[in-house]
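J.: Please find one structure pasted underneath; my questions will follow.
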Amino acid sequence: MVDEVGLADKSNTVVRALSGGMKRKLSLGVALIGNSKVIILDEPTSGMDPYSMRLIWQLIKKKKKGRIILLTTHSMDEADELGDRIAIMANGSLKCCGSSLFLKHLYGVGYTLTLVKSAPTASVASDIIYRHVPSATCVSEVGTEICFKLPLASSASFERMFREIESCMKVSASDSDTNSNEAKNNFGIESYGISVTTLEEVFLRVAGCDYDEIGDSKQRNNISSSDHVYSMASNNNIYRRFSDSKILVNYTKPAQVMYAIVRKACGLMLSAVLSFMNCLAIYCCSCCIISRSTFWQHTKALVVKRAISARRDRRTIVFQLLIPAVFLLFGFVFLNLKPHPDQRSVALTTSHFNPLLSGGGGGGPIPFDLSKPIAKEVAEYIEGGWIQNFKQGAYKFPDSERALVDAIDAAGPILGPKLLSMSEFLMSSFNESYQSRYGAIVIDDQDDDGSLSYTVLHNNTCQHAAPTFINVMNAAILRLATGDRNRTIRTRNHPLPLTYSQHLQRHDLDAFSAAIIVNIAFSFIPASFAVAIVKEREVKAKHQQLISGVSVLSYWISTYLWDFISFLFPTSFAMVLFYIFGLEQFIGRENFLPTLIIFLEYGLAVASSTYCLTFLFSEHTMAQNVVLLVHFFSGLILMVISFIMGLIETTARANDYLKNFFRIAPGFCFADGLASLALLRQGMKDEDSDAVFDWNVTGASICYLAIESIIYFLLTLGLELLPLHKLTSVAIKHYWRNIIDFGHEASSSYSEPLLKYPSASADLDDIDVQAERNRVLSGSVDNAIVYLRNLQKVYPGGKCGKKVAVRSLTFSVQAGECFGFLGTNGAGKTTTLSMLSGEETPTGGTAFIFGKDISLNPKAVRQHIGYCPQYDALLEFLTVQEHLELYARIKGVPDHRIDDIVLEKMVEFDLLKHAGKPSFTLSGGNKRKLSVAIAMIGDPPIVFLDEPSTGMDPIAKRFMWEVISRLSTRQGKTAVILTTHSMNEAQALCTRIGIMVGGQLRCIGSPQHLKTRFGNHLELEVKPTEVSFAGLESLCQMIQERLLNTPSHPRSLLDDLEICIGATDFVTSENASMAEISLSQEMIIMVGRWLGNEEWVKIFLSSTPISDGIFGEQLAEQLLRDGGLPLPTFCEWWLAKKKFSGIDSFIRSSFPGATFQGCNGLSIKYQLPYQEGLSLADVFGHLEQNRNQLRIAEYSISQSTLETIFNHFAASS
């Protein structure tokens, strides 16, 4: 299966590395593998080039034996080729169903006759067409081509009409030799061709959108001026609805808001930034061709674009506002949840011990040494617990407890053993009680003076255990001495209040913790900056803006301004929280200014540094995660490392050096500056207010952030203007030439391409391609607005070597011309458009647009270009209307005309009802409409369309074709260079077509010219008349009688027949129904012998697929599945086969070299090679004269299609 779908060389490649066409092949292979009887294919060849599409069609035909295949497609050619029956749906209901030829005949679409005139002004004798076919209609007249639609029913008149046209061509040719311009203008027919109208036009008519109706509606709604649009909109209340639905944006508000921010929040900082940008803009505008007003118009439009997107992008709101705000708020709240530093006093009683287990009274066991008489007396007065008698025993401590033994020995020879025994008791009896023990008492002998000595052993896990048990013991001794059990000693632990310095230290530590929280929260903000930038580059929206006229400086300054404005919101929130929570280290009288400066400079520096990082990513999700981690580690982690190293005396000096390196990261400057402010009072020896700006406090961070804001932004511009992948030999040679020729005017003369290729490639040049090359290289391009001279593109390769994408491409495009690029996937079409639009740099050669070299002056070239990329380069959160307004401003449309121009485009492309919808909610077809509308807004003189109708249904395609054709060839306003995989699209739009194979132009010319020159055959499709019921009944009756009246049958055959008709007596079965008789394989062979052509039956029964058509393959499958065929079914096949044999013999004898191409239902297809003296008139004449004799119900003849010519070149690559 891998070989069959054409993926043998990709068998070990991961799926994500496959192209779109290869993924479709893999999906098809998954559907076909196994023995599924029913297969559903949903647009299996979407996105494939015609050659690959044909290979897939052959595979589907091969695999359909014994299966039912249900296929949906937007390609009518695919339906025509694969569909035995074709069903068309519209508005959720089935409109029609039948074979392709049946549908074409039923809906009367007919033929399309194309005449090529010798000159656009030549007067073609249209009365010839109307005289022979009065019902003919003129479809289009583009350049030197004029097309007529001819109904199928008028095919009998074609022979005479074609002979008259051919006689006119001979007169024109003979007169051209004698330079008779008058005769040449009277007729002026160079060539002609005919094709049966495709199934696509049947679809258009059935779906309620016939081609004529499209044309009529377009002519009725043709928009010639903005005034007419406004009038039409006013009359129909369209403009009112449009104005109500559109999202109004006051473009003066951002400037007012920004001015207010400058005055109230940012002060001189933002003013200085704007002044710097204004000076930079003036300098760059003086070096470029755009004016200063245009520069700021672009900048304002792009700032509004970012504002609208940010307002609707939930991810931006979360990362830039919500997460920092929540993190700051909760972090500061938690800082204030700590216990009060001035703690209340605590009474030292045993009631705090085991409060739950003792019923709330506290206490618990008190191990007591009762070996002494005095101990028993004291124990009676112990309160706050119960006495646990200590049992003395022998215990040997392990070596690991040697320190305990030594400590006990120090207590003396008398007390030491007792303490040792108590310790052993405590350790061995720890699980005898469910109540915890916090202290034990050992009493010594009473001294001579009556004093009593005791030792308290306490549990270190309890902070107040030692003083509590001492107090318990002293109180008991007091009661014993006085004999009063009510006496007691109350002892309290009352901590001293914090000193002023301790309060300051505590507040500074809180501020230091707040600085850490702020740094973590603000690490999320640069991630939101990166997402918007990488996403625009990812969907090609950035390139779309640049190619529409936006300068690199305008793009980045607008991005810089909006990111800084959006940064002010979390900054303001942080400053408010500083005030609410009383963090004077940041908002004190001396500290407020450095804190504000650090925040503002950090916003500028972190934005510009993030811009540099975005060039490393091609996916916005990856950029978001990595940028977040980079700023988190470069900020907080480096600051903590530096802080710890500064505390250690041995690393403090190294920390001073490392700080200079760490400050390259804006996050470190931000974190270090805030931390230094927080801990400022801990390291100061005086209260000098100017110390906040000392170099070791905030001075270094402020200076580094200011410098980094400028350096990183300039680095961003450098990476944008001179990316590494554009340092090609052409660029290097150009720069070197400028150095050598410094002071001299650059020469615009053409130079040979840098790369040379073998002359074998030149041998492939067609004479038309060579003629076009010679004309362009000789300088005969006065009327051309686009011309290419040996344009080349070579991609550096790895182990496989270099890849030549475009090879010495040379041609020109005139004003009002639509030039079509055709080619297989990877032929170099999109690469060519990328070079012309400035996205890629040529490796060799060059191209000129309006006389300007695309390599030397790309900015000037972009002013004249409209570009529709292969994939929709749309901003997902902007609406249709906002997209058009954005690009109208970019292309310099005056503000007072923008509304009219936008309305005109939305009406023109049928997008008015989607005006307020964000682009991500649009269907694929409407996205392509919007992309083409963006390319054409502002009426650019040159438009590049890269597969503009991909994914559209036929109705949407025709609508798009009509708009493109009107703007280019009909009105002559725009030159269009179009790439497409749709041959119908090329036929409908292009005045000239070039087919590229392997990066090289293989042929060039008008569609009809290519058909006439490379179309070496005619395509004939014939459908015989249906088998008559009388003939079928007669043949069935004859076979039945022959079977019943033949006594020489082998017994096995007679038994088979008896079983089939269900008879017990063979003789009495003659009244059996013919439909009940089933013929086995042996009986079919015998019947074929009786009917005189046993070979037909043998072919029919062969195991190889039937190639003679007339549903023989399906019947062979039925015979194999059921073990027999009903007699009427076999007879119907035999009569149809007989008709087919007669038609086949006639075609092969009348047109030598004719080849059978297969069947589609009951229709038979042939290719008729062109021979000397053979013309369309001859073919129509032969068929029309013998039509009744051959019993032909329908037939159609057409020249080779563009697809056939394309496949010929693709197969030869």
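Every residue, even glycine, has its Cβ placed from backbone N, Cα and C.
Sharing the feature lines straight out of TrEMBL:
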- 268-295: transmembrane segment (TRANSMEM)
- 316-335: transmembrane segment (TRANSMEM)
- 511-534: transmembrane segment (TRANSMEM)
- 555-580: transmembrane segment (TRANSMEM)
- 592-614: transmembrane segment (TRANSMEM)
- 626-648: transmembrane segment (TRANSMEM)
- 660-680: transmembrane segment (TRANSMEM)
- 692-715: transmembrane segment (TRANSMEM)
- 786-1023: domain 'ABC transporter' (DOMAIN)
J.: Apart from its near flanks, which chain residues at least 6 from the ends of the transmembrane segment (316-335) lie with a Cβ under 8 angstroms of it?
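T.: Here the qualifying positions are 309-310, 510, 513-514, 517-518, 520-522, 524-525, 527-528, 531-532, 566, 569-570, 573-574, 577, 580-581, 624.
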J.: Take the transmembrane segment (511-534) and find every residue of the same chain, 6 or more past its ends, with a Cβ under 8 Å from one of its Cβ atoms.
T.: 306, 309-310, 313, 315-316, 319-320, 323-325, 327-328, 331-332, 335, 542, 559, 563, 566-567, 570, 574, 578, 581, 583, 585-586, 602, 606-607, 609-611, 613-614, 617-620, 623-625, 627-628, 631-632, 635-636, 639-640, 667, 670-671, 674-675, 677-679
J.: Which stretch from 626-648, 660-680, 692-715 shares the most C-beta pairs under 8 Å with the transmembrane segment (592-614)?
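T.: It is 692-715 that shares the most Cβ pairs under 8 Å with the transmembrane segment (592-614).
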J.: Given the model, what does the mean pLDDT over the domain 'ABC transporter' (786-1023) come out as?
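T.: For the domain 'ABC transporter' (786-1023), the model's average pLDDT rounds to 84.
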J.: Do any residues of this chain, six or more beyond the ends of the transmembrane segment (626-648), have a C-beta under 8 angstroms from a C-beta of it, and if so which?
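T.: Here the qualifying positions are 516, 519-520, 522-524, 526-527, 529-530, 606, 610, 613-614, 616-617, 654-655, 658-659, 662, 665-668, 670-672, 675.
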